Amino acid sequence: MLHKLFMYEALREAIDEEMARDKRVFVLGEDVGHYGGSYKVTKQLHTKYGDLRVLDTPIAENSFTGMAIGAAMTGLKPVVEGMNLSFLLLAFNQISNNAGMLHYTSGGNWSIPLVIRGPGGIGKQLSAEHSQRIEAYFQAVPGLKIVACSTPYNAKGLLKAAIRDNNPVLFLEHVLLYNLKQEIPKQEYVLPLDKAQVVREGSDVTIITYSRMLHHVMQAVKQLVAQGMNPEVIDLISLKPIDLETLVTSVSKTHKAIIVEECMQTGGIAAEVMAQIYSHAFDELDAPIRRLSSKDVPTPYNGYLEQACLVQPTQIVEAVKTLMST
């Protein structure tokens, strides 16, 4: 049985099911309770589970993130919502020094089963401070898993897996994908956190991407196929750890790769993916890896300039054609 849900509804369904399944699961963050969350992911959950399991907090990311880590240390399973993931920079100390490292620094005595989730990425004129690509900042934190959903289907299955995981998971939801609608199973399903997905099989070139850029890539693929090319498309999903096996298998087949990301180029996810492929599949490559990233500038408020910062489908088409000609 299938039903059609928006992504924000699929995320809510995942949280609802996990709260019903495990009484240790609770939600906390700014306006997650009576207001239902900034994008309505937690709407009406406080009515069902009460104010102690859907906990409204003050506007103090460092405080409630630290509280969630402490709760996780005692055996609870907190799900933190960042009203905007850019604000998690205010809790960088708690996430890096506590959530990411406590299992190691305690000699394995502490586990931190914590999910930190919320809207991020470049939206519609949200300007610089609300358009951070935080995956670049957090990818170097030891002990932290990073997952980026791209569809209602994988959003639900991945969030359920993240809540059940015994490690801290940073769960990235793109602000412009909340209203993406898709048929998903009514019956329970859980997806692996550490596996990339081959979205489209092909033989000519491997296009690696994640989150909202998957949809830009798929627009470009329509044009490439119409021009006689057969690209393979991989949705990374797991940004940390990277599913290297899937990437190497694909590159060993196509012998050419291009990475498309919304992250800034300097220190971005693509830089790490390139390094991993070069380290493990260099001899399989017939050409240097290409990458398309956002500009290394603060995201402008002006709509035209904002779009100029982003990778567009036409740029992907041209980059793939150039790569194919080498």
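In case you wondered, yes, glycine gets a Cβ from its N, Cα and C as well.
Small disclaimer: the values here were computed from a predicted structure and weren't measured.
Listed in Swiss-Prot for this protein:
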BINDING   Glu61  thiamine diphosphate binding site
BINDING   Leu114, Ala162, Ile163, Asp165, Asn167  K(+) binding site
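Sequence features, as recorded in Swiss-Prot, placed on the structure.
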{"residue": "Glu61", "record": "thiamine diphosphate binding site", "DSSP (3 states)": "helix"}
{"residue": "Leu114", "record": "K(+) binding site", "DSSP (3 states)": "coil"}
{"residue": "Ala162", "record": "K(+) binding site", "DSSP (3 states)": "helix"}
{"residue": "Asn167", "record": "K(+) binding site", "DSSP (3 states)": "coil"}
Using the centroid of the Cβ atoms of Leu114, Ala162, Ile163, Asp165, Asn167 as reference, list every other same-chain residue with Cβ within 8 Å of it (recorded K(+) site), in sequence order.
Lys77, Pro113, Val115, Lys145, Ala161, Arg164, Asn166, Pro168, Val169
Could you work out which of the binding-site residues (Glu61, Asp165) has its C-beta surrounded by the smallest number of other C-beta atoms within 10 A?
Asp165
Which number gives the other C-beta atoms within 10 angstroms of the C-beta of Ile163 (K(+) binding site), all protein chains shown included?
26
Taking the Cα atoms as reference points, how far is Leu114 (K(+) binding site) from Glu61 (thiamine diphosphate binding site) in Å?
15
Set of same-chain residues at least 6 away whose C-beta sits under 8 angstroms from Asn167 (K(+) binding site):
His103, Ser111, Ile112, Pro113, Gly143, Leu144, Lys145
